[in-house]
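Here's the structure we're looking at; comments come further down.
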Amino acid sequence: MTLDTVKHAEQTPEVEQPWKELGLKEDEYARVREILGRRPTGAELAMYSVMWSEHCSYKSSKVHLRQFGEKAPRSDAMLVGIGENAGVVDVGEGYAVTFKVESHNHPSYVEPYQGAATGVGGIVRDIIAMGARPVAVVDPLRMGAADHPDTKRVLPGVVAGIGGYGNSLGLPNIGGELVFDACYQGNPLVNAGAVGVMRHEDIHLAKASGAGNKVILYGARTGGDGIGGASILASETFDATKPSKRPAVQVGDPFQEKLLIECTLEAFAEKLVVGIQDLGAAGLSCATSELASNGSGGMRVELDDVPLRDSTLSPEEILMSESQERMCAVVEPDKVERFLAICEKWDVIATVIGEVTDGDRLEIFWHGEMIVDVDPRTVAHEGPVYERPYARPSWQDTLQADDAGRLPRPEGGDELREQVIEVLGSPNLASKAWVTDQYDRFVQGNTVLAQPEDSGMIRVSEESGLGVAIATDGNGRYAKLDPYTGAQLALAEAYRNVAAGGARPLAVSDCLNFGSPEDPDVMWQFVEAVRGLADGCQVLGTPVTGGNVSLYNQTGEAAIHPTPVVAVLGVIDDVARRTPIAFADEGHLLYLLGETREEFGGSAWSQVVHDHLGGLPPAVDLERERLLGEILISASRDGMVDAAHDLSDGGLIAAVTESCLRGGHGARLVVPDGLSAFTFLLSESAGRAIVAVPRSEELRFTDMCGARGLPATRIGVVDGEALEVQGEFTIPLDELRDIHESAIPGLLG
Amino acid sequence: MTARIGVVTFPGTLDDRDSQRAVRVAGAEAVPLWHRDKDLKQVDAVVLPGGFSYGDYLRAGAISRFSPVMESVIEQARAGMPVLGICNGFQVLTEAHLLPGAMLRNTALHFVCRDQRLRVESTATDWTADFTPGQEISVPLKNIDGRYTADERTLDELEAEGRVAFRYASGGPARDGYGNPNGSQRDIAGITNAAGNVVGLMPHPEHAVEPLIGTGRTDGLGLFTSVLKKLVSA
């Protein structure tokens, strides 16, 4: 077979090319030809096809994501914003924190263990590429119905994969979510977040500058795994009639990644690196074109020098391979020797594969012949941009008119007790220990808070106690009812969770999981959610620093609920001042902060008791969220509260239950005037939290709430061995614990 | 003058920084040791920390056992230097035949992370003298290959010679960390050699040395203060 060189491509314009099989549309292929002024070579076609895929190019979402930048609130904390591998935020004392959430949805459905494992691997490399030491991971998961047989295949595999990879890297897993809903049956969502810490001066960016600087590929050898992962797997709807996509999933090796972390950080510490990029989706195609595109010069790469696992790989396959645990660094010539020595110290294979040139082309050679000659910007940044048509779905009004407030409510204390137990024992509200006990939450010795706390919190400085907190939240049911509000509710919940632990929210990352953008209904959901999130961040003063969009979460005609998952990062001056969720001491007074309204649309109660989804989600008042956050942070810092827990799905009863069980103490609750017991316990009004206040602090605390205008209602006391709602029902702690802890093991164990 | 305690880093070691911190919190000087380097840098004791050295490939601890640093550790351990193996470090010690037995996959077949109740069975070792016999402590446990296994004769010998250092404590509910988490024979969580200078255990005392961090307990500190007292008084 003739090698398809640039020269050959010029001479054979009429050759049929498999652009369709590689996922390009006809007009996209025509555009490639127009850019090059000839047909692309096979290698160029491979590069364009992966880099112009939905997954890599954000072609459907780009025009909307701009709002995150345009509406971003001014924040002095922002050091690196959208567009880099991950955003970077100043947390004080010279420390900076980088964090990001990403999806690995499609691979995890096809091959749960490896899909989830490599999801962790990819997000961690993004963090290292910024110059930071990874310090924690979180994993928001959404699965099909808990009792569906396929959930038993996917979930244990996903959990084992996340644990198998993350545990072996030595990264504490401190948070995340697990939500079950039939809408995710054919499209489970496996999102992965990571947090990294560095000094300000250590921030690194993905750019190749300085003619003559060497391009070094290091880490694992390149194999045939994951070819087309981004373009074929993550950018198309699943279809039962097509052949298996199993080979498109990558296989991870956490041991190799651990070595990669250590040797990269050591090279950073010795200031050996000019620019760096990890190899994730689209592999070398992405790394070389992005590095060259972001830098000042061009790049020349000798593909023959890439270490291979399989010597029969074609140049196209080498460029497209998504073999894991690889990174690409740009290093000045006189530092190459030292860089290679560090790699050798960590038993990491490192090879110079090219250099930065003073031109503006990315040129790739194979067996001495040029097979790629492109302007790297056209590959990496100037891909197609679509203004996909969108329209409010015809069914949206009917859905919203189906008010959950009209559902039959429990009559009397006994029926209320029954329904409360049903809700607390439902898989979405039950204890997730079966999952989280398979993750190492202790490693690195800086974990201050971890699941089931409201947020995960990590100590950054042993000297000062400076720490960071992260929480991720999302509620597809709310977003289905109203995507704009749903996105803001996700933001508000994550914000509240961070504040409840005592940390000040600083910045946001998001993972936007939706169905096919080619469906105007789905596209409308996406547009609304992005607008809601961007508007919300503006009010809360927390800029979006980066994130990820996952589209085509759809099997046939059925799309998932629109599921924006929002991560909020916060900072706390001294982790000794953190506030846990546990009711640790008898006699502490329970206060409900915020207002409770009759809001049941999308609620856990409507789902569990009535299998209903309709009406409107809870109303959002972001100014109120901000005030609540300030009160929670002040109370935490000044030692006015002993416990705090945000109220979200499952309402007050779910939060009180978790706090009681965590602390091993019961509580006596009194239904406040003007509320029915049912609404008090099960409404999901936003902007609320419960706090446990020592009696000695009561006056100071209520004065503060009064002065700031935050409603604070005394609702009971931490007491005894049962959860009692006066005049309604009592549930002994042991029974409560059994309900809470046995549900998930019963389904999966 | 304080003691110098070395902490070995193999490729894939994860808890080396944590172990160094525990050594410092106890009041000793932590000295990083590198797997390729035979030089123990005149340390007075050595900790082999947890992790997945060499990715646990082949068998946990099987490759690390042959690293250059282990030649010196084995030699010094036989000469009486205090050596503590935690989790993967325990696995390395059994592979190196400094301690008997082996670790198999947990009976649940998956990774287990929890606060674990232990009973200190022997205080006649360099690493447990600060505890009282029968004392119950709580430290994190986190592993996938933690099921201690040996033949009956070895187990009988360990028992008869008082060489079971830690046992998984019973007497309370699993949610409070009681019970055998991985199917270890005779509930064994940690053992010592006959001389009492080499101790290995699966749970992680180095994760329980600060009141704010992890479980919020400092029960693990006793292992490090035990050895420090012995070294300083020597």
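Backbone N, Cα and C define each Cβ position, glycine as well.
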>> Among A:Arg125, A:Arg338, A:Arg531, which residue does TrEMBL annotate as binding substrate at the site that also has A:Ser103, A:His104, A:Asn105, A:His106, A:Gln250, A:Glu322, A:Ser323, A:Gln324, A:Ser550?
In response: A:Arg125
> Same ATP site as A:Tyr58, A:Asp510, A:Gly547 according to TrEMBL: which of A:Lys20, A:Lys25, A:Lys100, A:Lys480?
Replying inline: A:Lys100
> Any idea what the Cα distance is from A:His55 (active site) over to A:Asn548 (Mg(2+) 1 binding site), rounded to a whole Å?
Replying inline: 9
>> Within the domain 'PurM-like N-terminal' (A:83-198), what mean pLDDT does the predicted structure show?
In response: 94
> Given the domain 'PurM-like N-terminal' (A:83-198), which of the listed stretches A:20-59, A:211-366, A:453-572 has the most Cβ pairs that are under 8 Å apart from it?
Replying inline: A:453-572
>> Taking the Cα of A:Asp278 (Mg(2+) 2 binding site) as the centre, which of the binding-site residues listed as A:Lys100, A:Arg125, A:Glu322, A:Asp510 lie within 10 Å of it?
In response: A:Arg125
>> According to DSSP, collapsed to three classes, what secondary structure does A:Asp278 (Mg(2+) 2 binding site) have?
In response: strand
> Any residues 6+ beyond the ends of the domain 'Phosphoribosylformylglycinamidine synthase linker' (A:20-59) with a Cβ under 8 Å from its own?
Replying inline: 4-6, 8-10, 12-13, 65, 228, 230-232, 234-236, 281-283, 285-286, 289, 314-317, 319-320, 364, 366, 371-375, 378-380, 383-386, 517, 549-552
> Whose Cβ lies within 8 Å of the mean position of the Cβ atoms of A:Tyr58, A:Lys100, A:Asp510, A:Gly547, the ATP site, other than those residues?
Replying inline: A:Leu65, A:Ile82, A:Val101, A:Glu102, A:Ser509, A:Cys511, A:Leu512, A:Val544, A:Gly546, A:Asn548, A:Val549
> Of the residues in the domain 'PurM-like N-terminal' (A:83-198), how many are helix, strand and coil by DSSP?
Replying inline: 48 helix, 45 strand, 23 coil
>> Rank aside, I only need the closest one: which of the binding-site residues A:Glu102, A:Asn105, A:Asp126 has its C-alpha nearest to that of A:Gly547 (ATP binding site)?
In response: A:Glu102
